[in-house]
Amino acid sequence: MSELSYRRILLKLSGEALMGDGDYGIDPKVINRLAHEVIEAQQAGAQVALVIGGGNIFRGAGLAASGMDRVTGDHMGMLATVINALAMQDALEKLGAKVRVMSAIKINDVCEDFIRRRAIRHLEKGRIAIFAAGTGNPFFTTDSGAALRAIEIGADLLLKATKVDGVYDKDPKKHTDAVRYDSLTYDQVILQGLEVMDTAAFALARDSDLPLRIFGMSEPGVLLRILHGEQIGTLVQGRS
């Protein structure tokens, strides 16, 4: 096959992606399939980092709307991402990978603290790095955490796996005539009011000229195909 188009990537997975057909928690078959995809990409020569959301376990913003203190809820959400990171670490290690979980909040008996230079070193040594607990601050989503970590480690591409296979001009679940974009600039996303990721995360990626690809991960082998340069999903980069 062709050489890889990207040397170092950060893959953002939603917590819901781990649920499979369930309403809550982690489906072992799903996390095992995702782990195979990640290892396949790494074995092809890519340095791979992951950020996983926590929505399959807990959503701080949702409970805040019901009266819970927002900061407390967000801290609980951060812990949910650590749970998912540990589950993914276990799945990857069972397949023979070397993995390090690095948290933005201190849980020293469970995982490492996030230290930028150490994270980069892990990747250079062939380890998969999983970044947990978002940015470590309330009021920021795991999308923001993914964008921040991708910039910090010097990722060539931020990949966001979603339930749909790219960015559309309108909701494809509600509109049969929805059109998918193959590529967009950051300015076009803003002007057209398209939903790609939350505002803070989007601003981070745009201001750092970080290429972002939105894609669906339901098809086996899709991550490796992207690494080899196939135009899958929607690529967001540059300015108009």
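Just so you know, glycine gets a Cβ as well, placed from its N, Cα and C.
What Swiss-Prot records for Lys12, Leu13, Ser14, Gly15, Gly55, Arg59, Thr162, Tyr168, Asp171 is ATP binding site. The UMP binding site annotation in Swiss-Prot covers Gly54, Asp74, Thr135, Gly136, Asn137, Pro138, Phe139, Phe140, Thr141, Thr142.
Everything Swiss-Prot records as a feature, shown here on the structure.
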| residue | record | Cβ contacts under 8 Å, 6 or more apart |
| --- | --- | --- |
| Lys12 | ATP binding site | Leu50, Val51, Ile52, Gly53, Thr142, Asp143, Ala146, Leu158, Leu159, Lys160, Ala161 |
| Ser14 | ATP binding site | Ile52, Gly53, Gly55, Asn56, Ala161, Thr162 |
| Gly54 | UMP binding site | Gly15, Gly77, Met78, Leu79, Ala80, Thr81, Ile83, Asn84, Thr142 |
| Thr135 | UMP binding site | Ala104, Ser144, Gly145, Leu148 |
| Asn137 | UMP binding site | Ala104 |
| Phe139 | UMP binding site | Arg70, Val71, Asp74 |
| Thr141 | UMP binding site | Gly53, Gly134, Asp198, Ala200, Ala201 |
| Asp171 | ATP binding site | Ala178 |
8 Å Cβ shell about Gly54, Asp74, Thr135, Gly136, Asn137, Pro138, Phe139, Phe140, Thr141, Thr142 centroid, UMP site members excluded: Gly77, Met78, Ala133, Gly134, Ser144, Gly145
Cβ neighbour count within 10 Å of Gly55 (ATP binding site): 22
Protein Cβ atoms within 10 Å of Thr162 (ATP binding site), excluding its own: 20
